[in-house]
Structures are given as C-alpha cells and as structure tokens.
Amino acid sequence: MSRMQGIELHAIDLIKRAGKYIRQKMDQAYHIEEKTNKSDLVTEIDQHVEDLLIRGILDRYPDHHVYGEEGRIVRPDTLEGTVWFVDPIDGTMNFIRQKRLFAISIAIMVEGELRYGFVYDVMADELFHAIKGQGAYENGIRLAPIKERPVNEAIICMNATWVTANRRIDSNLLAPLVRDAVGVRAVGAASLELAWVAAGRVDGYITMRNMPWDYTGGQVLIEELGGRVGTIEGADMTYLEQTSVLAGSRQFVEDVLTYVQK
C-alpha cells in the first residue's frame with residue numbers, strides 16, 4: 001500500500017469514528033456557544049470531534065499541517081507540504097435544531113494541489129469521497145460526471161441572505177438569478193450542498209462567505225466530476241482566507257457569471 005493510499009483509508013477511518021461518536025452523543029445535554037453571531041454556533045461535540053480528528057491525523061503524520069473550524073489550530077498561513085482542511089461538524093445549527101443535514105468534511109492538499117476530498121453526511125451515513133484523477137464515489141459507488149445545465153434548468157443551493165440587503169454583494173444582481181432558476185434551496189451546510197452538486201441532486205452552490213474547510217472537501221468531488229469551483233468573480237481559490245464560492249457544472253458557472261458581472 002502506498003503512503004497516499006494509506007492517507008485515504010486513514011481519513012475514512014477517522015471520519016467514520018467521528019460520525020459514530022456524534023451519533024452517540026447528539027441526544028445528550030451539551031453546551032452551546034456563539035462564535036461570531038447568533039447563527040454561528042459551536043458545541044463541545046464540535047470541539048471534541050475536531051480534537052479526535054486532529055490527534056488522529058498528527059499521530060500518524062506529525063509533519064502535516066491541519067487547519068480547522070473550531071479554533072484548536074491556527075488559520076491557514078502556508079500551503080507547503082501536506083495540508084488537511086477539517087470541519088468537524090459543518091452545519092452546527094442543523095445539528096442542534098434538526099439533528100440532521102450536517103456533515104464532517106476533510107480535504108487533503110499536497111504541495112498546493114487538492115488531492116483528496118471527503119464529505120460525510122453523519123445521519124444519512126452517506127460518505128462522498130474523491131481522489132484527484134481516480135473518480136468520485138458515494139458509499140463506494142462511482143458517481144457519474146456532472147450534467148451540464150443552464151441556470152434556467154437548475155436547482156441552486158443558496159442562502160436567502162444574498163438576495164436581501166447585505167455588505168458583500170449587490171442583491172439586485174442575484175434576484176434575477178433566483179427568478180430564472182427552477183428552484184433555490186438553503187440547506188445550511190456548505191460541504192453537504194457541494195456534495196449534492198457532485199451527486200446531481202442539485203445543480204449549483206453559491207455563497208459570499210466560506211472558509212477553506214467549508215468548501216475544499218466538496219471542491220475535490222465536483223472538480224473530479226468535471227465541474228468547476230471558484231469565486232463569484234470567476235477567480236480561482238486561494239485557500240488562505242474567507243471567500244465567496246460559486247460551484248456547479250461549467251455551463252452553470254458561466255451562466256451565473258453573466259448575472260453577477262453585469
């Protein structure tokens with residue numbers, strides 16, 4: 001077994017162990033804290049799962065860098081070597097209120113190139129994963145390439161925040177997009193929404209505000225299936241800071257850019 005194959009299997013093992021822990025603990029009492037605002041929450045379960053994942057990574061690969069959601073490790077400052085982007089519970093509000101529609105997300109970058117992506121829907125027990133150049137899978141079944149769909153045939157995952165007054169984008173640019181689409185869904189878990197794009201359940205994902213651990217796992221999935229992930233301005237990702245995200249088939253992304261670049 002190669003070192004790279006070992007990384008894939010180790011990541012899957014860690015994710016499954018973390019998912020089992022979450023399912024065991026989620027109905028127990030736990031403390032909830034606000035991070036930046038009332039909709040940006042964290043629980044001790046998020047923190048414990050991140051600790052479990054970090055220990056599992058660094059015990060096996062002490063020379064790797066690990067960047068994550070809950071502040072146990074530093075924000076990205078280098079993409080040299082092997083870098084893991086970890087979100088222990090993406091969709092904490094869903095975890096707290098709905099007990100579903102949240103995910104564990106991991107991406108692995110090697111020398112600046114995303115190579116591996118994993119998104120695990122904990123309650124549905126659906127593991128999406130991809131290896132660059134080797135396909136993308138849902139619970140071991142190979143996924144088909146992403147279908148090319150224009151906006152007027154698309155179901156889009158997007159938070160309603162971006163079509164109301166906000167500080168990040170002129171809402172008047174996206175309102176026509178919403179009108180023209182087949183439908184718009186707001187799920188509240190970026191990695192899961194991106195995995196759904198990869199699986200063909202929805203056709204695109206748009207947000208003005210994601211961190212690298214939110215989108216990188218799903219990015220590997222989508223790009224491996226022929227889709228495109230970049231910023232709302234059409235630029236490539238840099239992975240070192242908060243950014244907008246526009247993802248979907250190449251036709252979908254090109255269509256969306258005609259709306260926002262008017």
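Keep in mind that glycine also has a Cβ here, set from the backbone N, Cα and C atoms.
TrEMBL annotations: computationally assigned, not manually curated.
Feature list (source: TrEMBL):
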BINDING   E69, D87, I89, D214  Mg(2+) 1 binding site
BINDING   D90  Mg(2+) 2 binding site
Hey, which of the binding-site residues D87, D90, D214 is the loneliest by Cβ count within 10 Å?
D214
Can you tell me how many other Cβ atoms are located within 10 Å of the Cβ belonging to I89 (Mg(2+) 1 binding site)?
28
To the nearest whole angstrom, state the Cα distance for the pair D90 (Mg(2+) 2 binding site) and D214 (Mg(2+) 1 binding site).
7
Helix, strand or coil at D214 (Mg(2+) 1 binding site) [DSSP, three-state]:
helix
What three-state secondary structure does DSSP assign to I89 (Mg(2+) 1 binding site)?
strand
